[in-house]
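Enquirer: One structure, as structure tokens, below. Some questions next.
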């Protein structure tokens, strides 16, 4: 990644498409010169005289035209801007061609088009954000459900970096005590006891263990829980799938075995964004096609956070017994199994079975209330299984899972060294390893490759 901090960069910052209002963003050391060539304030304000953030109405002379566009310039001097450099935004009509023409105008006067994520990169390099907070900006932009937005906002507010900073400060203070003792080793002065070392390291280990667990749990695709529909053929799985996603994606037929592949889509359950998967029904016949379908179904069941076992309400007694036996034979984890009565508009009840609670949810694709109740139930079960909410977005987890485990390993090795009677210099060396890993996670030490991985995921203008 090329890092050109001396350039003035410009890009459309508002979402693509037509809107009442659009925004063009620019930033860089020479911003005042660039803007002054094409913008005139209505009240004659000069940007060099502006000491703080200010909205300045005026007109922008567009490139290759004689048009002076009415616009509002929002200006931030160096120490008051997001990027740590002079920054400006032109707020005007949300016409995509017009916004691109404004970018062209700025580039004709000395700016250049911004690269993806370059504004946030400059904020990071200026110390406005650490690397976890910079990634959280992307998490906020990409969030598609309330739970994803909440996680990203927590991380952006310093939920993750705050915990890491607390651990780091504790380790730095402990390292200082150990190194002070090393300076007086010949005088037999003990600055910190072994019990105190173990106690302080244990607290750091607990925090890092939780962060490492968060990172591991966020490594799934887009951090979304997976809900898999399963059951006998013709149990109403595909109809339920279509009803939940709000469109006809799965083929529905009264002929058993219609579904051969699996289908997936995203739905919202409570405050959770969930991936729901429709799979082939269980079959006893053996042929190449059905075998492949069963293999795909088993793969999806293994990755499921919750299995919805669909039982149609119109089964007779023999069919109910067969369904019960199949479910028992499958030996599902009961904590991630929810038996659902489908087609509840066909029969009065699907709960006349000796092993199914009267609280079993029943649904009909023709009764929206039952579908809403089911999605809320799914959200409650998954939220309960997730426990305390994480404060890490998926992008941070993918980048830092190994790093935080190295930090944890360093702390745990320091604990073992202290408990085994190793010298303070050995304990100190392990603590330094942990501090190095924490610095990498926060972005205090970085390589161009790391920055490229993080900021290339951003869209232009952010």
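Cβ coordinates come from backbone N, Cα and C, glycine included.
According to TrEMBL, the protein has these features:
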DOMAIN    9-128  domain 'GTP-binding protein TrmE N-terminal'
BINDING   25, 89, 128, 462  (6S)-5-formyl-5,6,7,8-tetrahydrofolate binding site
DOMAIN    131-459  domain 'MnmE helical'
DOMAIN    227-328  domain 'G'
BINDING   234, 253, 255, 258  K(+) binding site
BINDING   234-239, 253-259, 278-281  GTP binding site
BINDING   238, 259  Mg(2+) binding site
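Neighbours and distances for these, please.
Expert: Long-range Cβ contacts of residue 89 ((6S)-5-formyl-5,6,7,8-tetrahydrofolate binding site) within its own chain (separation 6+, distance under 8 Å): 13, 23, 24, 25, 26, 73, 74.
DSSP gives residue 234 (K(+) binding site) a coil state; it is part of no helix or strand.
Residue environment of residue 234 (K(+) binding site) contains 19 other Cβ atoms, counted within 10 Å of its Cβ in all protein chains.
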Enquirer: Measuring Cα to Cα, how far is residue 234 (K(+) binding site) from residue 280 (GTP binding site) in Å?
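Expert: Answer for this pair: 9 Å between alpha carbons.
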Enquirer: Please work out the helix, strand and coil residue numbers for the domain 'GTP-binding protein TrmE N-terminal' (9-128) from the DSSP assignment.
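Expert: Helix, strand and coil residues of the domain 'GTP-binding protein TrmE N-terminal' (9-128) number 33 helix, 43 strand, 44 coil.
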Enquirer: Within 10 Å of the Cβ of residue 280 (GTP binding site), how many other Cβ atoms can you find? Include all protein chains, please.
Expert: 24
Enquirer: For residue 128 ((6S)-5-formyl-5,6,7,8-tetrahydrofolate binding site), list the number of other Cβ atoms lying within 10 Å of its Cβ atom.
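Expert: Around residue 128 ((6S)-5-formyl-5,6,7,8-tetrahydrofolate binding site), other Cβ atoms within 10 Å: 15.
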Enquirer: Of these binding-site residues, 25, 237, which scores lowest on Cβ atoms within 10 Å?
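Expert: Selected from the binding-site residues 25, 237 on minimum Cβ neighbours within 10 Å: 25.
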Enquirer: Where residue 238 (Mg(2+) binding site) and residue 280 (GTP binding site) are concerned, what is their Cα separation in Å, rounded?
Expert: 9
